[in-house]
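Worksheet: one structure, shown below.
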């Protein structure tokens, strides 16, 4: 391996990546450039982050505003597939990683770096997601993963490491929970959640109201969907990020989008987390409602198949692969007629579709009515059923012959 001279670090401003900066300089004798991705984690998380990076030893700090791109080019395409990992998880952390890695690589190439670095632990999925993206986008770059190299194995050790070098740090030993936030969701892991028999408490939820304490009066939101994408909410045209932000606020107020799950990590272990995805939950319900009107049976079944495969590809860090690209393209084609208007009721943790319509709807009241009608000849069903069940009939006849 050739000597590393300049490395671009995916920097969050947290304890881990603050310690990584001096560690890289000491162990690789290289220049460290901090790269910060603004994916909607909030202004508080970004306040003073450039100064913090420089104080930790970075030569410079670049902050990339990726909020709109993340929603438009990563979240919306994923939504079209219907991807929900293991039937529950709307892939909040998973979808943020490819865009962060892509922008980090672009930064590395722009500043002439020969290496990239991340602060992911050796137990999690994110190391695979980041390094899979690096390999697909810039295989010539050296990848440094400090958590697989250093001997700093505890929060206390990291704090001592920074204190010994007089590097300021606002972190403390008292931190119990691990959190990850972006425009799509907030995840909370660790603490009481590490025992699956423990109930979550108020510290496990930071974004949404407890449904029990949510407003007693329901609220509705009207969502306009065009080609599988939310383009307006409550009569106002909005950009993807603004639409998500608006629905996040509405959903969080009513306790929408909470899940407490145990999931199968890619690396082979199970983990428990409390995930909050208020706006995403509302968007997903709206899109699926329009699909119910527009997609024929075979197309809907295929979209479900696409969604299942997409959920594993995205979760497993396979965004930048030919298969994932093909899956996303298929979902986008299916979504060309997925346009309509949906009204969603928000109440006590639930997002319930109560009205839906589409100019492309295949639903016909004339054909669907249980009352008397003149458009459907019931006698036609007999021939269809006979042909539809022909294979079963032949199989049964063969079985009867064998038994004689």
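Cβ from N, Cα, C; glycine included.
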- line: In Swiss-Prot, ATP binding by 10, 11, 12, 13, 14, 15, 16, 17, 18, 37 extends, among 112, 119, 122, to 119
- request: Using Cβ-Cβ distances, find the residues under 8 Å from residue 275 (L-citrulline binding site) that belong to the same chain and are at least 6 apart in sequence, listing them in sequence order.
  value: 89, 90, 92, 185, 186, 187, 188, 258, 259, 260, 261
Query: How big is the gap, in Å, between the Cα of residue 121 (L-aspartate binding site) and that of residue 263 (L-citrulline binding site), rounded to a whole number?
result: 17
Query: Can you tell me how far the Cα of residue 10 (ATP binding site) sits from the Cα of residue 126 (L-aspartate binding site), in Å?
result: 12
Statement: Within 8 Å of the Cβ centroid of 121, 125, 126, the other same-chain residues by Cβ around the recorded L-aspartate site are 120, 123, 124, 127, 128, 129, 267
Message: Between C-alpha atoms, which of these binding-site residues comes nearest to residue 18 (ATP binding site): 94, 125, 126, 263?
response: 126
Field: Nearest of the binding-site residues (94, 125, 126, 129, 263) to residue 14 (ATP binding site), judged by Cα-Cα distance
entry: 126
- prompt: Where residue 12 (ATP binding site) and residue 129 (L-citrulline binding site) are concerned, what is their Cα separation in Å, rounded?
  reply: 16
